[in-house]
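Taken from Swiss-Prot, the feature GTP binding site applies to 165-172, 190-194, 212-215, 282-285, 311-313. The feature Mg(2+) binding site is assigned by Swiss-Prot to S172, T192, with sequence analysis given as support. The domain 'Obg' annotation in Swiss-Prot covers 1-158. Annotation comment: Swiss-Prot describes 159-330 as domain 'OBG-type G', evidence class sequence analysis. The domain 'OCT' feature in Swiss-Prot is assigned to 344-425; the stated evidence is sequence analysis.
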Amino acid sequence: MFIDKARIFVKAGNGGNGSVAFRREKYVPAGGPDGGDGGRGASIIFEVDLGLRTLMDFKYQKKYQAQNGGDGSKGKRAGKNGENLVLKVPAGTVIRDEATGLVLADLKKEGDTAIVAKGGIGGKGNQHFANAVRQAPAFAKSGTDGEERWITLELKMIADVGLLGFPNVGKSTFLSVVTKAKPKIANYHFTTLTPNLGVVQTKFGDSFVLADIPGIIEGASEGIGLGHEFLRHVERTKVLIHIVDISGLEGRDPIEDFDKINDELKLYNEKLSKRPQVVVANKFDILEDESKFEKFKSELEGRGYTVFKMSAATRQGIDEVIAYVSKMLKEVEDVELVSEEEMYRPELDIGTEEELSIDIEDGVYVVTGKALRRIMYSVNFDDMESLQYFQKAMESQGVFDRLREMGIEDGDVVKIYELEFEFYN
């Protein structure tokens, strides 16, 4: 089964927690803190595998969770780092963040990789918080949470040239003649149900990749026929070969066919509709009135297109088409599928990591924030030094300033997750 789109959830591993421990050895009555650091959480990485052709692996498994980092322990022993989860995808896979619509990665060639969810950082053990005044800190830092997000995967095949045209105009026959590809060929509409790729070797030693997609019909943009879903597989192409049936045996007008296909192309993607097109009038060998071709050629050349006559079945005119397209490819610039504006930029992502929220519920000031929660869960509130550390963290996070701005008064109740206390300046 050919699967070219998938929606999955990815969750990187959390960082391990730092340890609160003290050195305990015979003859060493006051060994000091020796809690180790937490391990790094595993990240989720996507990598190109040239052996893959579809996104089938993501059809049935929708959620992926990477390993958490191990907690630190006594003796300054660090927790184990999580092992990164590497997911393989075909070349041409575009990964998009569902929440923002931004592109996280466009994986185009062998060796391309992308981290789409970073693992959390391990927390520091209590050994790091000892100083001349605080010699036995009874607290450590918790590990940070790993990133999580819903993402969409879209396979947009890597091809230099794409074939366009109505069903049954001879695209698959053309592909089979000029490449070693073996697409299904029959005399009925929608014989091709999945995209096909083939490599064209020219007589001059050049080569290029040719993509044949299922035929498009009028109304494809509204879901008629096979819809326009497969058009994504010609988005990367530099040149389009637009094949029409010039024979008229099915009673169609080749100029109308040409215009209808381009109308659907424009509805799907304005940029794609402006891609250079070479027009090929196929089935010329069974055309009874050659003046029909001359009329077609005159009309299209008047619009600025280059027009060839061809018979894919008898191979007449094929060499001329291939030579011309090969020459065009050297003159046309590569296609940048994803613009800079569409790309995700981590440095601009403020995210929710350090966001602080304070709401008043039934007279209680409810404070939430990921950073604050991590600090709170790492503190021993029965220990005065730990409590002082937490108060300083609250101050540095701007909690007290925000509470004062909201009009808090002495004796008002503040709730931070499971912790409740009365506020006093």
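Backbone N, Cα and C atoms are what each Cβ position is placed from, and that goes for glycine too.
The two recorded residues S172 (Mg(2+) binding site) and S311 (GTP binding site) have their Cα atoms spaced 13 Å from each other.
Sorting the domain 'OCT' (344-425) by DSSP state (H, G, I as helix; E, B as strand; all else coil) yields 31 helix, 18 strand, 33 coil. Fewest Cβ neighbours within 10 Å among the binding-site residues N168, S172, S311: this applies to N168. Least crowded of the binding-site residues (K171, K283), judged by neighbouring Cβ atoms within 10 Å of its own Cβ: K283. Regional average pLDDT for the domain 'Obg' (1-158) in the model is 89. In the three-state DSSP classification, N168 (GTP binding site) falls within coil. Over all protein chains present, the Cβ of G165 (GTP binding site) has 24 other Cβ atoms lying within 10 Å.
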